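Enquirer: Quick one: this structure, given as structure tokens, is what I'll be asking you about.
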């Protein structure tokens, strides 16, 4: 019987034959961000754009092209596009330096996007000297996500990207994300506790102490699922379980933050907080794209592929939870207006 082609198989095959597809993708995002955020209508056309990024073109070299973008951005210094464009340009550098073009780099890129988001959050907390609008409970959950993922990927290699970014860069960005989360937790609870609104950060405040609500109602069930349903790529019960736990928990880690948005008196989300939430969701979309092509490799010790399907399902759940936020975020970006969320029922 002919086997069905798994999702994204054609994309993976195209990537293998043309690794520069990520450069195409990043360049498109770069031009789109310039157009959407800054309202630039005179961005360069796409002819020869990929060879320009790779360093060769009839019109000039990569330095000339980047200088052009920087000159355009200098006219829009207040635009939130600046951070995103910087991230996309840095992404091209990372692609050139630490990847050998394998499709699995998309998983590393997702981790890199996540780190970028938490970097924006830390910058927001430090520069604003305020923790207003930030859910400490979400930070708690992400600290667990990164810690337990690192316990699985540092001593073992079963869940690492196949390309050379899995040699050290993937570990680095995940470690940096953990560091940024811990810094953000310190800023929220120690440096600027007067501005932290525990009243609205109330997810899970039902029959348990407020500080443990998210842990009891989200982390504990995810841990139980990970013990029961985990792949066996590391051939080590604890390492496989901690990786599955981090994946399941990340699917719901943003729930306290989305719930907090609904509880705030103002439905307007601060700019950098919105970028952080979007970057985390964007990273998850990239993860899902990778695992849609590779979930069949996530088999348990008995050889069953149902664990892979379950891991993929949890990522779909995460995207579904974020769909409304994505919608209002993109409307805000396109219109140039503050990000404003619906008061009831829309996000959680």
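Quick reminder: no glycine exception, Cβ is built from N, Cα and C everywhere.
Automatic, uncurated: that is what TrEMBL annotation is.
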Enquirer: If TrEMBL is the reference, give me the range from 268-286, 287-305 marked as transmembrane segment.
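Expert: Checked against TrEMBL: transmembrane segment maps to 268-286.
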Enquirer: Spell out yes or no: are there three or more C-beta pairs under 8 angstroms between the transmembrane segment (208-229) and the transmembrane segment (139-162), with each pair 6 or more apart in sequence?
Expert: yes
Enquirer: Mind checking which residues of the chain, 6+ beyond the ends of the transmembrane segment (268-286), have their Cβ under 8 Å from one of its Cβ atoms?
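Expert: Sequence-remote neighbours of the transmembrane segment (268-286) are 80, 83-84, 106-107, 109-114, 116-118, 120-121, 123-124, 128, 132-134, 250-251, 254, 257-258, 261, 315, 318-319, 322, 325-326, 329, 332, 338-341.
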Enquirer: Check the transmembrane segment (168-188) against the transmembrane segment (104-127) for contact, please; criterion is three or more CB pairs under 8 Å, pairs 6 or more apart in sequence.
Expert: yes
Enquirer: So which residues does the transmembrane segment (139-162) touch in its own chain, when a touch means Cβ under 8 Å and the partner is 6 or more beyond its ends?
Expert: 102-105, 107-108, 118, 170-171, 174-175, 177-178, 181-182, 184-185, 188, 214-215, 218-219, 231, 233-236, 238-240, 242-243, 245-246, 249-250, 252-253, 256
Enquirer: Can you tell me which parts of the same chain pack against the transmembrane segment (104-127), counting only residues 6+ beyond its ends and a CB-CB cutoff under 8 A?
Expert: 22, 83, 87, 91, 94-95, 98, 134, 142, 161-163, 165-166, 169-170, 173-174, 176-177, 180-181, 183-184, 187-188, 191-192, 270, 272-273, 275-280, 282-287, 289-290, 294
